[in-house]
Amino acid sequence: MNFGLRLIFLVLTLKGVKCEVQLVESGGGLVKPGGSLKLSCAASGFAFSSYDMSWVRQTPEKRLEWVAYISSGGGSTYYPDTVKGRFTISRDNAKNTLYLQMSSLKSEDTAMYYCAR
């Protein structure tokens, strides 16, 4: 009986490793003030189209700021006033990819950007 429980636990553990959530950001770079940049986030390991998604950033002072939200179907988006009208979040559920188009960039937009589920 004990052996059977161990075997089931081992199988469940191995299955869990296969389902690891991964979010891989790309597209960053150096841009002058007033410039534009488009970030991408490739998602895997979960049903991307079923989840609302966001972009957050960490400033050089290590402060975390939320910058954009999009609903699972893409019909609803929200932004803080600091980026509204300059940043656009979008998604391609067929490609499991999240995007952030940033324009009219300012020095205060300098940060590390991360996508979040």
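Cβ coordinates come from backbone N, Cα and C, glycine included.
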Check for me: which candidate out of CYS19, CYS41 does Swiss-Prot give as the disulfide partner of CYS115?
CYS41
As a test of reading the model: what is the averaged pLDDT for the region 'Complementarity-determining-1' (50-54)?
98
Does CYS41 (disulfide bond) have same-chain partners at least 6 apart in sequence with Cβ under 8 Å from its own Cβ, and which are they?
LEU23, VAL24, GLU25, SER26, MET53, TRP55, THR97, LEU98, TYR99, LEU100, CYS115
